[in-house]
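Per TrEMBL, the features are as follows:
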type	residues	note
REGION	1-22	region 'Disordered'
COMPBIAS	1-13	compositional bias 'Pro residues'
TRANSMEM	94-113	transmembrane segment
TRANSMEM	120-144	transmembrane segment
TRANSMEM	150-168	transmembrane segment
TRANSMEM	180-201	transmembrane segment
TRANSMEM	207-228	transmembrane segment
TRANSMEM	275-296	transmembrane segment
TRANSMEM	316-334	transmembrane segment
TRANSMEM	346-366	transmembrane segment
TRANSMEM	372-394	transmembrane segment
TRANSMEM	406-427	transmembrane segment
TRANSMEM	433-453	transmembrane segment
Amino acid sequence: MPVAPPSVVPPKPAHTMSSSQSMAEYYQKSAQYAPVEVSQDRDDDTSHRSAATSMLFRLCLYGFFIELKPSEAYLNTFLTSEKGFSNQVTNDDIYPWFTYGQMLMLVAMPLFVERFQYRTVLLIESVGFLFTRLLLLWATSLFWMQAMQVTYAVGTASKVVYLCMIYREVKQEEYHRATAVVWAASLGGQFAAGVLGQILVSFHASLWLLNYISLANVCVAFVVALYVPEHADLLLSTTSAATPATFSSHHPPSSNQAIQARRLKRARLAERARTWRWTNVLAVSWIAFKCCESLVVNYIQNQWTSFHVQDTSNGLATALYTASGAIVSWLLACSDRRSNPKGLQWFLFCGGIVLLLLSFSQTVAPTLTSSYVSYVLYGCAYYALITTVSAELAKQCTTNEYAKQFALVALGAAVLETVVTFLLQGTSTHTTTWWFGGITMVHCLLVVFYVLAFGRVRHDDVPTLPVESTLPLHIV
């Protein structure tokens with residue numbers, strides 16, 4: 001009878017997972033080298049890009065119509081000729097209320113944006129401009145004209161959210177291009193408004209007609225704002241880099257891991273300090289540029305009126321002002337450039353000097369034509385600088401800090417503008433000498449700040465590209 005062969009027990013494999021730690025390492029490596037659905041990622045990227053383009057188009061359409069107000073270039077003429085106010089009253093009793101109202105609005109803006117959706121703030125902007133048009137057309141007293149400036153300030157202060165929506169929709173490396181496109185659309189509306197206003201005035205159209213057209217365009221912008229997605233933040237998917245699954249291990253980290261963690265912590269602290277120093281320079285630049293530009297736009301018509309010349313070219317000057325800015329913004333959008341730290345510092349310094357010289361030339365302008373030329377060149381330089389500074393400042397923000405960051409710098413600009421307005425209020429008889437001299441002084445202080453700051457902020461302290469820890473933004 002044959003004997004059954006003894007059962008052979010196979011030897012235990014040398015690499016059998018004998019502990020929970022080995023199993024954890026095995027599954028962790030399996031997660032790292034798991035296959036990736038490339039086609040699905042490509043489809044998601046295509047949908048993200050399409051949704052971002054759609055959002056950008058809506059916001060550009062809104063920015064175009066909200067700026068398409070042909071009566072803006074003839075506001076002072078309308079108040080003095082149609083409403084019966086003197087140039088001194090508009091300068092001392094009406095226009096300053098815009099500065100004060102804007103500052104109060106910007107104080108509440110950071111808290112307001114945290115509680116409400118961005119679309120709600122866009123609606124507030126359009127409603128503010130809508131009430132401005134209604135008060136201009138049907139109100140008559142000084143009190144209501146001051147209220148008109150306050151409602152205009154509400155709409156202007158809400159514009160800070162307009163840029164923030166762009167930064168939430170595009171990737172960080174596209175901030176410069178997206179900022180330039182938005183500025184170009186907004187300036188395109190201002191350019192069309194200036195040309196339309198100049199044509200109508202040249203054909204002796206009534207200033208009332210210009211205000212009715214402005215009212216209609218603001219209503220169109222309000223309708224467009226209604227079609228902006230209600231929850232803009234829900235369109236975004238903040239996706240971090242895929243990290244391998246980790247499993248609990250009961251063993252403490254090795255000494256090499258602890259050393260590596262400390263080095264990483266020190267590197268992050270150093271990067272944060274460098275970013276903070278550069279953010280301060282960008283914030284001061286944004287505050288000074290915005291303050292001076294707002295003062296120039298608010299009081300340039302008073303200066304043109306002081307020449308005692310029939311100001312029938314105000315619309316053309318305004319159109320050229322915005323056209324130069326739109327062209328510069330579009331050129332920046334078409335240029336796929338990278339931030340060079342040294343070149344960026346020189347760009348800000350030289351741009352500050354150019355604005356200083358142009359504001360001084362506005363102070364001593366002997367004729368209305370020379371004032372027009374200085375005004376147009378000022379707009380060209382300003383929009384080139386503010387577009388770059390806005391994009392660079394946005395790079396320093398995290399996903400949920402865009403509105404807060406820009407609201408704070410806008411508040412700083414409003415505070416500075418309020419201080420200058422308070423110091424110069426009552427100098428309407430010397431608009432050229434005092435108001436534009438004050439603007440020149442602010443630009444001079446900014447250039448001095450650049451000399452001191454750039455001597456302390458080294459070129460290697462300036463972040464050139466988004467750091468790796470920054471999370472890419474997509475639209476879903």
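Using N, Cα and C of the backbone, Cβ positions are placed for all residues, glycine too.
Whatever TrEMBL says is automated annotation, not expert-curated.
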Interface present between the transmembrane segment (94-113) and the transmembrane segment (372-394) (three or more C-beta pairs under 8 A): no
Contact call for the transmembrane segment (346-366) against the transmembrane segment (207-228), three or more Cβ pairs under 8 Å: no
Contact call for the transmembrane segment (94-113) against the transmembrane segment (406-427), three or more Cβ pairs under 8 Å: yes
Same-chain residue ranges lying at least 6 outside the transmembrane segment (180-201) that approach it to Cβ under 8 Å: 56, 59-61, 63-74, 162-163, 166, 207, 209-210, 213-214, 312-323, 325-326, 329-333, 383, 386-387, 391
Cβ contacts the transmembrane segment (406-427)/the transmembrane segment (207-228), at least three under 8 Å, sequence gap 6 or more: no
Same-chain residues at least 6 beyond the ends of the transmembrane segment (275-296) whose Cβ lies under 8 Å from its Cβ atoms: 99, 348, 352, 355, 359, 362, 375, 378, 382, 385-386, 389-390, 392-393, 396, 408-410, 412-414, 416-417, 420-421, 435-436, 438-439, 442-443, 445-446, 449-450, 453-454, 456-457, 461-463
